[in-house]
């Protein structure tokens, strides 16, 4: 099959021309042909088909176009779908434009030269090649492929840019070619191209020169006159000095002067500034310092796609004179040196060594910028070695790993800068929703700018709601931007396209991690017979170098959310190597290994929670929670039960009711797991019910644990403690023996029962022994728990000593996020102060206690704390509020001492208010509802505190 784009679009098969119906199908095939053998990103194809506003169905419609093309071309495997996009598998020589460029490179159309009008260093008159190479035959063959303006039926981008570039190359080749011909023939060959564009200066001058050499001076002058008229009328410009000089020479009957042997400055300038530059002040100073160092050398600005590498470098070098800027984004590795040579203005003679000539030319520039080099790393590193002594800045997703390279790694914006960027681009005020948007977009500038565009149409709140579909949502970048930066999907597709199969497979598998992971976790989850464990660490390091995986604390890594979303999509679409069924099975295996690994990690962390290093274990569990959630959702029944059992202590002590609820999986699933694990999972579910105030359900679940372990006995003891069933509570707490931390919890529970049931001396003895045992474990949570128990036991016997112990307990609990005993210790201290100290101090402390219980989320113990507030409010004369809260709280059994205090408070309030008023306020309280009780209590504290202080 042959594809022709140098002129009207044609496809020819063995039996003649193939009719491709529909402009959209022809456009897709043309783009695939121009990149034959290489994938074209889906977003790039969509941009070409719908440059203004792609429909929501764009991806499906594109798939339909490709399916029809496969059917029309007769070979389904001719166009394949790969991770980086669609690819047309034909030899490059069968696409006329690619053959055309190949001939030009072969003929010497490489670095340097004097432009189409020059003789070049090796040229000798009309037959000289501008590069000094023997390219006349190649130029002639290349010119013969030209049938007219490329792809005239597609006037929009990207075809307009492609046509312009190919037309420029054709004109250069045509001029070199005609210089080898007889002047009359040369003029004939130039006439068609010059007539097609009379503003083409090089063509007009070359044609006039050839006509003059053929003895047609009048026609030569007419050619230049038509050119001058066209420039004035169409462009509004005066003719150039070069054209004026050629006219004067012809009028004097002299041949036009040969073009001056000066290289055209084809270097791409520093990219234009389209908007303000925010949030990179520190990185800009770092780059300026690197560029101002006395010894020039290589500086690489490295970071993930869309992080703003190009913009940072552009803003840093913009004011510097003589910068040579080479954008390698669309340059193939084979063409990289040519692009750099043109960028630095190098000129080559025959047999020149390209690197040496480039280095000589580059040395004339204070700074040479090589932008977007991640796909040409090998040749860029080779060039960097040759450019020692030249100040070179490279932007890439990974470093070149060259000698003497100084790397500036560019990370996400700060949250403040990211918020400012979004607000400025979207023209909206700062808000919590803005903060959520930028955080979920990894604080990445390009993603934020794309989101800001959509915010104008959707609104901020709607944008937040749709961010889970970010890859399809953020698809409206600035027109005229690099196609890779117009959509979020295109940014990630480009990065994925650069990966080898093993790295891409690892990245897809790593997407199962919702949060951070270690190397060991990555090995456990991603390794199998297709991806050996021995390769994981090296491949992971490569992904870190490529900025697709980022460091996330000491020894931990994570995927940026956008990269993860794309990798998950690729994994789910079955795009791993091999048939789709194999790919689906492969990823299913990854999911299963992830769930199993998370269960094992949870069990290991539970063991660590029981040691002296409890604080770091809690932090690690917090960090692992997103992955534990996924493992619970994806894992089999055994995994879910293991997770629930392992997370009992964390859920109970840190008051994480979400993980405690995982224990309910035991009722629905009864796999072959150890009875002790099943019992602990049931205890977790029971603790969830206890904290939510459903004591009957808590008892039912914990009783189902067979045989009951320490956790089941603990929750049964807690239920009985709240119900004031002292003997049952003592039975369960005393059954918790064995492991030291379980004994500490059992002894603390026993001390509470004894203290609250009026057996103070016995309570102090048990609690003191618990403190001694807890201190021996070195576990901060156990030490906090035991001190809390002793503080409660001493509350009315030695209030000062009790307050000291409770303060220690609250501090210790806070160091390990033990919300249960942090809040319980604060509550106990406030209760003691309300009975024995200054009520104003007690009221002020109660505000903090409410905050602690609100954070803990334990409805049962929060109600117990608020009953203490009822007593305190009545003590300071806030009778109506005391009655209101008392009526709003659920009825519950209380121990004798507390019951006596409540009875005294109720009686005092009733005496001061009167029975009628008490009944009226109580009715209002009963209607408050549990959700509003804490809010009403906070208002009551503030009002009472203000009045107490005023008195």
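Note: Cβ is positioned from N, Cα and C throughout, glycine not excepted.
Model, not experiment: these values are computed from the prediction.
Note on TrEMBL: of 81-108, 109-136, 137-164, 165-192, the range annotated with the feature region 'Disordered' is 109-136.
As annotated in TrEMBL, region 'Disordered' covers the listed stretch 244-263 rather than the other ranges in 244-263, 264-283, 284-303.
Applying DSSP to the DNA-binding region (1-90) sorts its residues as follows: 39 helix, 18 strand, 33 coil.
In the predicted model, the DNA-binding region (1-90) shows an average pLDDT of 87.
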